[in-house]
Amino acid sequence: MAINLQTLFKKKREGKKITMVSTYDYWSAKLCDEVGIDCILVGDSLGTVVKGEGDTLSVTLEEIIYHTKCVMRGVKNAFVIADMPFMSYQVSMEKAVENCGRVIKETKAKAVKLEGGEEIAELVYKLTRIGIPVVGHVGFTPQHINVFGKPKVVGKKKEEEEKLRRDFRALEEAGAFMIVLESVPTHLAKELWKGSNSIVIGIGAGKYVDGQVLVFHDIVGLFEDFKPKFVRRYLEGAKLVKEALKNFKIDVEGGNFPSEEESYG
């Protein structure tokens, strides 16, 4: 059965954990959907995971639209969220609404995700009022990498903690139905979650939230460039793929592929 906002809020009310995976193509989305993953995020993390960039800043609106369309073709039930890339919603309210609307119309995703807190609250309010569900994202926000300097835990210092509370409340009050907390101390994430009517999804925010999100390539061990502390690999996918490719190379070079059975008479 197709998952919608009501399904997700029902899980929150019943204390059932929500699963989310960031993925970018038809096949990985299809696999996620077939095993019952609740939400798929077409994240701007495709900048690092798919494009091989050092950060997410180069991802374009057209790339998000392209990859979200690919994902949607593989999905029957999962709730698909499209990430709005850097500078697609920061220039002006008018341009932001236009771009978010374009993503929803062209991809048929169910929601958009925006990074930031108080500074985007007015936009979140506007989008929700015109029928575009919004996922917020606070804590460590990759689009602010040039401000942070490097990935870091946000909320250890008193001023960071206070700002995070303000940003979280601003998003919730503006109407964000879901808020992602990234790289936030467990006790602070728990505090925000306990007082929230929004769905709270963690990534490096401990277990006291409504659900968890990880990147597909991290879960299956395909991405080897770096491994954040919060990542749990469930498969050493890169090793398995390399072994298969090596065996293909050996068989071709040794004249063992193709066989008679793999050839047309």
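The chain as shown is numbered from 1 upward.
Positions of Cβ are set from backbone N, Cα and C atoms, glycine also.
Swiss-Prot annotates Asp83, Glu115 as Mg(2+)-binding residues; of Asp44, Asp55, the candidate listed for that same site is Asp44.
When the Cα atoms are compared, Lys113 (3-methyl-2-oxobutanoate binding site) and Asp83 (Mg(2+) binding site) turn out to be 5 Å apart. According to DSSP, Glu182 (active site, proton acceptor) sits within a strand segment.
The separation of Ser45 (3-methyl-2-oxobutanoate binding site) from Glu115 (Mg(2+) binding site), Cα to Cα, is 13 Å.
Annotation note: Glu115 (Mg(2+) binding site) sits in a strand segment as assigned by DSSP. Other Cβ atoms within 10 Å of the Cβ of Ser45 (3-methyl-2-oxobutanoate binding site), summed over all protein chains shown, number 23. In sequence order, His137, Val138, Gly139, Phe140, Thr141, Val154, Gly202, Ile203, Gly204, Ala205 are the residues of the chain that are 6 or more apart from Glu182 (active site, proton acceptor) and have a CB within less than 8 Å of its CB.
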